[in-house]
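Q: Here you go, one structure.
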Amino acid sequence: MDNKVVALASDHAGYKLKDELATYLRDKGFDIVDLGPSTDAVSVSYAEMGKELANYVDEAKPAFGIGVCGTGLGISYALNRHKHIRAARVTSVEDAHLAKQHNNANVLVFGGRQVTFDEAKAMVDEYMNTQFEGGRHQARINQLDE
């Protein structure tokens, strides 16, 4: 992966996993853009954080983004409302693989209350080690952006 920037955002329920993943990726040599929050002590809206992450990913073009909320559902809804964002809520290594291979997801989404740090690391690693297949999949992605 040539681009070494990863942007992360969460709500309060996803803060811990987001913070752990930021440290993990930083230790792997990535530049981290942490869009917040900086604590889980205050309630933060997944809709607001999803919007911030979507705008950053669309404008700055990091290698990928990571969004985390309690279930992964709310922030994925917020992210996918934005053109050019393909946020994939993943719960398995296979999900992460296919999110990249078939859908060229540019944001991975996790449920902070539903996946462990070790599970999330395995999914991030699989995503990073998978190539987008293109071809018929690119044509489908193009339809999403129409």
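Glycine too: its Cβ is placed from the backbone N, Cα and C atoms.
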Q: Which of Asn3, Asn103 shares the D-ribulose 5-phosphate site with Asp11, His12, Gly70, Thr71, Gly72, Leu73, Gly74, Arg113, Arg136, Arg140 per TrEMBL?
A: Asn103
Q: Just to verify a number: CA distance, Arg113 (D-ribulose 5-phosphate binding site) to Cys69 (active site, proton acceptor), in angstrom, no decimals.
A: 8
Q: Given the binding-site residues Gly70, Gly72, which one has the fewest other C-beta atoms within 10 angstroms of its C-beta?
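A: Per-residue Cβ counts within 10 Å for the binding-site residues Gly70, Gly72 bottom out at Gly70.
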Q: Measuring Cα to Cα, tell me the gap between Asp11 (D-ribulose 5-phosphate binding site) and Cys69 (active site, proton acceptor) in whole angstrom.
A: 5
Q: Sort out the sequence-distant neighbours of Arg140 (D-ribulose 5-phosphate binding site) for me: same chain, 6+ apart, CB within less than 8 Å of its CB, listed by position.
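A: Spatial neighbours, sequence-distant, of Arg140 (D-ribulose 5-phosphate binding site): none.
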Q: Compare the Cα of His102 (active site, proton donor) against each of the recorded positions Cys69, Gly70, Gly72, Gly74 and report the nearest.
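A: Nearest candidate: Gly72.
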